[in-house]
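Here is the structure we will look at, set down as structure tokens.
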Amino acid sequence: FCIFFPLALATVFLEFWKRRRAVIAYDWDLIDWEEEEEEIRPQFEAKYSKKERMNPISGKPEPYQAFADKCSRLIVSASGIFFMICVVIAAVFGIVIYRVVTVSTFAAFKWALIRNNSQVATTGTAVCINFCIIMLLNVLYEKVALFLTNLEQPRTESEWENSFTLKMFLFQFVNLNSSTFYIAFFLGRFTGHPGAYLRLINRWRLEECHPSGCLIDLCMQMGIIMVLKQTWNNFMELGYPLIQNWWTRRKLRQEYGTQGRTSFPQWEKDYNLQPMNAYGLFDEYLEMILQFGFTTIFVAAFPLAPLLALLNNIIEIRLDAYKFVTQWRRPLASRAKDIGIWYGILEGIGILSVITNAFVIAVTSDFIPRLVYAYKYGPCAGQGEAGQKCMVGYVNASLSVFLVSDFENRSEPTSNGSEFSGSPLKYCRYRDYRDPPHSPVPYGYTLQFWHVLAARLAFIIVFEHLVFCIKHLISYLIPDLPKDLRDRMRREKYLIQEMMYEAELERLQKERKERKKNGKSYHNEWP
């Protein structure tokens, strides 16, 4: 499944999109269309009008930005991007502290339902709080991205749009996926072990994964955020313009009355609708790109993500149609032969999805520990097979032994376990690969731990190279132009050459007849 989806979405989808783009560009006569030399932005011209140089294409003087000035502005902009990413990481750290503090609070709660499901309750509330932080930071990021882009002083409008798009994508992507990356690759990895737990401010134990594994926490995180974000986006896209238009109609009724409002011409009714977003289709593209990342990067942990994206897009097609036709003013069309920088971002997400899915399988799931046990430590060790019978004893092999008397004072259990076994418990088990307490190095890592670690690293390397090889093979096998489109283009080129040849031949024959009529003749003429 993890091999199929990065290949299906990140490769096949993009390759077939290139074919579809070529068909659309041909139908709109944009195959050979090149954007004309763009006009310089007025802001750039006003800033650097004192220093000019000759344009190598037009040969005319134009404002010039010095290399040192451009580099300094780019460094300041990159520093601003880094600072905002640090703000996101700080927000994630705040969520981590909340989870650490809350899980112990819920574990001591009076209600048995919450006490018995303290980890699930902690994860659910943390995800909801994280979603609220994401939506608040998104408002801040738009203003910061606009400020940093203007600070860079791009020369043309296309350069400004590409710079702004890249910043907004980086901010939103890191904001949306930082907590997901934390749960997938860091949660429960640095908690220590019984008797030597790592604690926050020497008080709260760091949170561990659910007993069934970290994939449950990751699945909850992705499911809740994806559903809430898609619901919120659909409301803001349609509900907000509906409310604004209703308020406008209400003010017009109060000012002109019902009869006066109905007598407005159509163009004035259209003018009273909401104007289109100042950034055009930017929000629509950004929403789709972020959704594409959600459905490919961690698809191993949340297989329902593609289905939810499909259902959302089916609904959103109709919502967008209704919004464009009835709630917004008519947008201004402009020529474009492709989707610009968004295609490069999609390819980057495709590469990232291969890497993250490899890490999810190797690090987050139990796939590799099970294989290592089946081939190395299980009943079938050395036999070269790994069936269901080969997994007998796996759970016992994945648990380590801990001496109860080695507990820290603050971690001592409230009961000695005599109510379960009739006598006080001397040992307990925990999930890790560590030596028993009476070994020469108590609670040190076992040889099985290092075998599992080496197998994980080997799997990541093999998986990535295999998927990337198949990815490039598919890209090579799928042509960028459909065969019928290529034939149409060649036919069109042939007809143009034929017309040019016939026109030239007709011109030469006409000149020859005129020369003969005037009594002039030349030897060795071209017929």
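One is the number of the first residue shown, and numbering goes on along the chain from there.
Quick reminder: no glycine exception, Cβ is built from N, Cα and C everywhere.
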**Complete:** Per TrEMBL, the transmembrane segment among 120-141, 384-405 spans residues 120-141
**Complete:** Of the ranges 314-338, 339-363, the one TrEMBL annotates as transmembrane segment is 339-363
**Fill in**
If one takes Cβ-Cβ under 8 Å and requires six or more residues beyond its ends, the residues near the signal peptide (1-22) are 31, 292, 295-296, 299-300, 303, 306, 338-339, 343, 346-347, 349-351, 353-354, 357-358, 360-361, 463, 466-467, 470-471, 474-475, 478-482, 485
**Message:** What residues elsewhere in the chain lie close to the transmembrane segment (81-108), defined as a C-beta under 8 angstroms and at least 6 residues from its ends?
**Reply:** 114-115, 118-119, 121-123, 125-126, 129-130, 133, 137, 141, 144, 148, 167, 170-171, 174-175, 178-179, 182, 200, 204-207
